[in-house]
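J.: First the structure, then my questions, so here it is.
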């Protein structure tokens, strides 16, 4: 609790300092960005900021707004992650067993959508790229036509401020560095560790201060990649307690290719002078990419504890995020073959570059190819493998894979191959460390470590396949589509899952739609368009040939569109044309069918009718291209048509001197047709959800098609007269049709 109070107090003081000293910080700001409801990872808004080396504090500022204020969402979710995109799981999806999804420095919090500013600060943050994602929690699953419901807009605004340490001295490896401290003063030093370092030691060699003190009155704190503090550090030593002994400490498997910071803090009221030296121990370099065969010199074998291979080359493919790692010899990428011997740790390094390599999935596969022995033996070989970023794991007294790493085993008489996937790998140098251990056939399986025994001149040959690709091996199993997205400076791949499959690579089948339901959806949504056959036949019978063509057009393209669309696997889809073409034709046919039926009900003069039959669909085509899901696509034709019908029927009423059409036709024809059409539109606009879409959208097809049977007017008799006597007719001619003598 005391530590937490100190952290809170320190945070408050630092934030106060930053906002009251304008010249002390640097600021970056992102413009307002739209937020979307989370259904899959592609719905998030990713952002990116670079924290410089030697940063003492970083502050992210978030605020969110909505328009209008009556919109339902009240909070947005934000996650921050050092190194790469955070692995989030809002829907509790499962990952396969061979996925490694551990993340360092991951934090999440809620942002109220009330124009309130939220601050999140990090004291001594890790240097390098910091990524974040923001999204709205998933709630409603209704299918909402645009414009019919309140259009809600959610935006988030982000800014980033940081403060750097004003002065940091740089040390040199294996060289003494003199430090002079005033009373209670602190000084910050730093040193850069190369890729081969497996251990370093910090030692105070000389210290001058008060004569009555037998020890050096200083405290030492170290941290990799970030500035240490008294309460936030990785290693520390109190030199006062060391007494007459030298003040020193060692760090095993430190972060490499990184700045390491050393905070020297005086606890004396007098001036101090001391000398600090930092010594390193390297992993021995291998002889190029070739491994020497097994040596019979056991002493030489034992002496070589750690063998580091050169950094792997990379073969970059034309596809984004697709990379293979290996040694390139004569412009050819060679297979990674390694020979392991007892009492040595083989280390194979490769580099994941920021931004270029971090948007896909890293795959590492190891396989035992051969086990050889100088002497005949029944020994079983076990290969211990550890995969770790920026740190070299070395086998020490039974301890191998340290924190933040992932480990697995290969066995010569069992699982001879294994692989692991890392989604959105963090940038840096990754190390694959391999150690060979042996045990006899009759060894106990209960305690693996105690069962290990000398290998008796046994060696093992391994192959290592390391590559990166978008999504999972460039695809999303067989349950989705892999897409690449670019948002600002952030590029990444993500899966669009189908048929209820979920997860990073569409591997979570807990909500998968069964094959029976997929086939049911396919049949319902396509065969329900057969209800357009009666209107087509009726239109042909009444010689409404334009109307018949439009209904046939709607039936065909609606069936093909729904055969291509839907939450089904690809094997249950049929797309003879591009999806965008089919979608355009379906929406155009639906709206044009309504318009062409209304024009037939108005019964204008032939020349005007021809104009309306051409102008209407052409105007609707523009509306479909502009926004095919808008309710206006149906509301405007219905509104204009209603006005036309009122004018036309009012003129007929005045001309006939009685109600037009006859009352019984209102009951038998007009009323059922309007009920079917209105019911279909209500289904389409108000109550469709993803769960009931299969049934209600099929009902919409049937309702709209059957309504035409009641609303379509009769054709003309020979000689130009209307077939007004046909059941279902609701219309009477006007004087411009030269049928003044026709009476109902």
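The first residue you see is number 1, and the count goes up from there.
Including glycine, each Cβ sits where the backbone N, Cα and C put it.
The shown structure was predicted, so the numbers you read here are calculated from the model rather than taken from an experiment.
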J.: Out of 484-506, 553-575, 576-598, which range is noted as transmembrane segment by TrEMBL?
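T.: Feature transmembrane segment in TrEMBL: residues 576-598.
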J.: What is the total of other Cβ atoms whose distance to the Cβ of residue 506 (disulfide bond) is within 10 Å?
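T.: The Cβ of residue 506 (disulfide bond) has 27 Cβ neighbours within 10 Å.
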J.: Tally of helix, strand and coil residues over the domain 'EGF-like' (467-507) according to DSSP?
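T.: Residue counts in helix, strand and coil order: 0 helix, 24 strand, 17 coil.
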